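Beneath this line is the structure, given in structure tokens, with notes to follow.
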Amino acid sequence: MSHLIPLYTNRMVNRVIFNRYASTFKSSASLKGATFDMKSIIQDREKYQDSLIRRQVPEKMKDLDFISENRQRQIDVVKAVNALRHERSRLGEIMKQMKQNAPEDVKVQLKKAKQELQKLEKEEEEISREMHRCAEGLPNLLDDSVPADPFQEEVVEFINCSSEKDAEQKTKNLKYGHKDIGEKLNIMDFSTASKVSGTSWYYLIGDGALLEQALIQYGLSKARQKGYSMLSPPTIVRREIIDACGFKPKDQNDEKQIYGLEDEDLSLIGTAEIPLGAYHSNTVFPASQEFPIKYAGCSRAYRAEAGARGADTKGLYRVHEFTKVELFHFAKPEDSRRELDAIKDLQIEIIKELGITAKMINMPTSDLGAPAMKKYDCEAWMPGRGKWGELTSCSNCGDYQARRLGIKYIDPLQNNKQKYMHTLNGTCIAVPRVIVAILEQNYDPDTNTVNIPSPLQKFMDGKDKISMNK
């Protein structure tokens, strides 16, 4: 495989040099491997302990203990290895100069140094590998503003309603599920999809398909207005990229979550966050680079959802394949909190314009993935389901992903020191979930129509209602 190192430029990224590989379907390693700051982990031991306890992963405490207990040993072994290498070189130089006349004791010392070095190099390799494994398995630290209760979320804003009770009251006479509505209007076909693909797959028909495209175009339009650059990412990526972004092949119940390609070290993405984050893998941004760098990417997303059960698997709420517009930011560490709020505010603006009754939530630690320092979810009231359902989410992943993807920047204010970027991601539009909310909140049983939110009408041939597809 040929290796190319081009100079990459666009209007947002200046003079960024990074490795590219010639495209073939066969996979090969592309990441250089994560680098962890063991000193900082030990210094922040109490913060890591707090994170592990509140995230409900006490089994990771032994990894933190191993790092704390063995860091000095690792340092000592490295020093000893370096000293022995120097001694080996010194003795080797004597042997080289004196050749056959070298004293016997020098030969003995050299042999002993080589044997001891071989032993210590093996120990160094083993302890370094284990230290790296332990550090890699630690979840991110927590933002100070994450709710203290591991299981209790905090509502930060109600959207198009004043309270949960108000949201439910607004739709008290609407009990129709989106699946029934969609099938009644003939804009969805789950029966045929089940024959073609299996359960939790679907066809969108007529205005259903048009609604999907309208949501995509609306979401991308909103993102462009906010200064996002558009990317159309691949939906198949190397497994190491998925791992580096913090996604696991199985959930906490050991159920399959990611589709892998047979006989290939490749997988289908569960979100465009993965290829968007990896777009600048193995990159060092120059000191002249302006941040944040913001991308909006539309892609299909694939989720095995092996553990999913119940009514949610029978409609659009929980499916194996769907379209999603994703937002991704690369930011300096001191700016990442502000950038998370910017993503959250855009999500609120979109949901508000669509007229969807919803709430924005600061999520508790039990709902945070390992990469996330903090996460907001937006949930809509879905009267047909009889409960709230997630529409969007956005997370500040700190330097968790950047360390594993090798994404740094040069800080001119600190003697051009290389620092790890912070990465953030958020949903712009998760098409099926938004369709669920629109159908269940906007259905008029008297006319058997669905009111189309005004921002979408220009993308739907000027229609203001979805009626029976004949």
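Each Cβ is built from the backbone N, Cα and C atoms, and glycine gets one as well.
Note that the structure is predicted; figures quoted are calculated from it, not measured.
Under the heading L-serine binding site, TrEMBL lists THR271, ARG303, GLU326, ASN425. Taken from TrEMBL, the feature ATP binding site applies to ARG303, ALA304, GLU305, VAL319, HIS320, GLU321, PHE322, GLU390, LEU391, THR392, SER393. The annotation coiled coil is assigned in TrEMBL to 81-137. Sequence annotations record features per position, and here TrEMBL assigns domain 'Aminoacyl-transfer RNA synthetases class-II family profile' to 222-453. Residues or ranges marked as site 'Important for serine binding' in TrEMBL: THR427.
Counting in whole angstrom, HIS320 (ATP binding site) lies 5 from ARG303 (L-serine binding site) by their C-alpha atoms. A count of other CB atoms within 10 A of each Cβ picks out GLU326 as the most crowded of the binding-site residues GLU305, GLU326. Considering only the recorded positions THR271, PHE322, LEU391, ASN425, THR427, the Cβ with the fewest other Cβ atoms within 10 Å is that of PHE322. Across the structure, SER393 (ATP binding site) and ASN425 (L-serine binding site) place their CA atoms 8 angstrom apart. Of all the binding-site residues in the list THR271, GLU326, ASN425, the shortest Cα-Cα distance to GLU305 (ATP binding site) is found for THR271. PHE322 (ATP binding site) falls within a strand when secondary structure is assigned with DSSP. In space, THR427 is the closest of the recorded positions THR271, GLU326, ASN425, THR427 to LEU391 (ATP binding site), judged by Cα positions. Each residue contributes its Cα atom, and for THR271 (L-serine binding site) and THR427 (site 'Important for serine binding') those atoms are 9 Å apart.
Looking at the domain 'Aminoacyl-transfer RNA synthetases class-II family profile' (222-453) alone, the prediction's average pLDDT is 95.
If you draw a 10 Å sphere around the CB of ARG303 (L-serine binding site), it holds 20 other CB atoms from the protein chains shown.
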